[in-house]
Amino acid sequence: MADQLTEDQISEFKEAFSLFDKDGDGCITTKELGTVMRSLGQNPTEAELQDMINEVDADGNGTIDFPEFLNLMARKMKDTDSEEELKEAFRVFDKDQNGFISAAELRHVMTNLGEKLTDEEVDEMIREADVDGDGQINYEEFVKVMMAK
């Protein structure tokens, strides 16, 4: 499954993996998964976190390593039921629920994920996605960016 990913995708997933793997030991624990999900405004129970880990934990050691993470991401990308997931992700970014992601909202989410971005980097991300040039990202623009990945 993961062998169908491009070099770019793999390096992006490596970056995402390291956001979860807070202590850098190469494994994502339920605690680390919980930290990231809570920073995104979710509130999973310990049992839900354990279920999520178990779902992808191929070797049964109770954590997710990078190959397992890659398989999960490859499966998610193939999953055509991504419309609902995209809406959910958009809502995470769109803090005030006005239908747009502003630079401030983007910065807020990225900071919560542990990504310290300069104003220039945030503006650049907005510009890349902002097709109609209004300085923010609407849902259609968000979908385009997410599907291009």
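Just so you know, glycine gets a Cβ as well, placed from its N, Cα and C.
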> Per Swiss-Prot, which one of GLU85, GLU105 shares the Ca(2+) 3 site with ASP94, ASP96, ASN98?
Replying inline: GLU105
> About how far apart, in whole Å, are the alpha carbons (Cα) of ASP59 (Ca(2+) 2 binding site) and CYS27 (Ca(2+) 1 binding site)?
Replying inline: 12
>> What residues elsewhere in the chain lie close to the domain 'EF-hand 3' (81-116), defined as a C-beta under 8 angstroms and at least 6 residues from its ends?
In response: 19, 22, 36, 39-41, 122-123, 125-126, 134-139, 142-143, 146
